[in-house]
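Just below is one structure, and these are the notes that go with it.
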């Protein structure tokens, strides 16, 4: 929702302040395939293994999202 940086539905998430729905100090992310322990995973980290003739999808190092590269192997 507007103004939220993270999903504050679960107080168990160590990256997100459940009271404010904001990332905790020092956290870059709270969830996502490219988020590990509140930090963006390194560029090139495989976040989705290829199926068929597609190449693996990899993290950008700048986001918690795992973008589809759309490239054939």
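Placement of Cβ uses the backbone N, Cα and C atoms for every residue, glycine included.
Residues annotated as disulfide bond in Swiss-Prot: 6-21 (among others). Cβ neighbours of residue 6 (disulfide bond) (same chain, under 8 Å, six or more residues apart in sequence): 13, 15, 16, 21, 22, 23, 29, 30, 31.
Per Swiss-Prot, the feature disulfide bond maps to 8-16 (among others); the stated evidence is similarity to another entry. Reduced to three states, the DSSP call for residue 8 (disulfide bond) is coil.
For residue 38 (disulfide bond), the same-chain residues that are 6 or more apart in sequence and have a Cβ closer than 8 Å to its Cβ are 14, 15, 23, 24, 26, 27, 28, 29, 30. The feature disulfide bond is assigned by Swiss-Prot to 15-38 (among others), with similarity to another entry given as support.
Here Swiss-Prot flags 29-35 (among others) as disulfide bond. Around residue 35 (disulfide bond), taking its Cβ as the centre, 22 other Cβ atoms fall within 10 Å, counting all chains.
Residue 34 (disulfide bond) falls within neither a helix nor a strand when secondary structure is assigned with DSSP, and so counts as coil. Listed in sequence order, the residues of the same chain lying 6 or more apart from residue 34 (disulfide bond) and placing their CB within less than 8 Å of its CB are 40, 41, 45, 47, 59, 60, 63, 64, 65, 66. Residues annotated as disulfide bond in Swiss-Prot: 34-59 (among others).
What Swiss-Prot lists as disulfide bond is 47-66 (among others), and the listing cites similarity to another entry. Cβ neighbours within 10 Å of residue 66 (disulfide bond), excluding its own Cβ and spanning all shown chains: 19.
As annotated by Swiss-Prot, domain 'Disintegrin' applies to 1-73, with the evidence given as sequence analysis.
With the fewest other C-beta atoms within 10 Å around its C-beta, 21 stands out among the disulfide-bonded residues 15, 21. Cβ-based neighbour count (10 Å, all protein chains) for residue 16 (disulfide bond) stands at 25.
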